[in-house]
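> Shown below is the structure under consideration.
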């Protein structure tokens, strides 16, 4: 598919345009893992508020950059159009120019790099390694020449980046150690952040097919993609149950199960979809499940230490 290159004259920029571009509803994907990793460290008597806020700001900024790059490359590659629902809409509706979105993504990456270098200077090489992996993962999710999103690698990569990597990274900034417990806590959160992406990609099967990209959802087809979503939702709750029953997770972690009605409603809405376009707006519902589950899990981790 031919790439777009014309940039029309546009009206003056407003903060609202940029808020739309970075898609803040999705920031639960980066906020929850930082809260979780930091909470586990706090229960062990290791918590620095300043480092926590720097980690949180850096995580949100890297996700915002990833969202901007995704919009840019998907628009340039012809995957997104005014009729599709897979982007923020700022490019397909002519609200911002492609070059502006790309440069904003680079600016956010530079900001993230500055935070990462500062944290690495304080906490050591592991922070630098995780930061580099995060930056590369954010850019090449849809960025050329790799664009691993369209090589059916988006789901496992996002699971790792916004699950174990980010939770363990936040924990390491506080505790200056790599530990198994935060990694295990990251698994259910990773399942639910993957569910957000998977709902997006299932909705976008038609546009991804037109663009020639292969996501996990497109490879599975609508029916198979639904089954995978059910599996991701079920796995998140089963992992918490297993963690509590085995004594790996503190008992209060079971608070996360209170979000099960939201997960059930999401599963029912997906089951009722007869076509990919019926999934429009369900990415927000998936993000809500992730957020409520994650906050309850964080609360459960912290309660025994209160």
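Using N, Cα and C of the backbone, Cβ positions are placed for all residues, glycine too.
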> For which of the residue intervals 32-50, 51-69, 70-88 does TrEMBL record transmembrane segment?
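Matching range for transmembrane segment: 51-69.
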> So, taking each listed stretch (51-69, 101-119, 125-141, 153-173, 279-303) in turn and counting its Cβ pairs to the transmembrane segment (220-243) that are under 8 angstroms, which one gives the highest count?
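Answer is 279-303, with the largest number of Cβ pairs below 8 Å.
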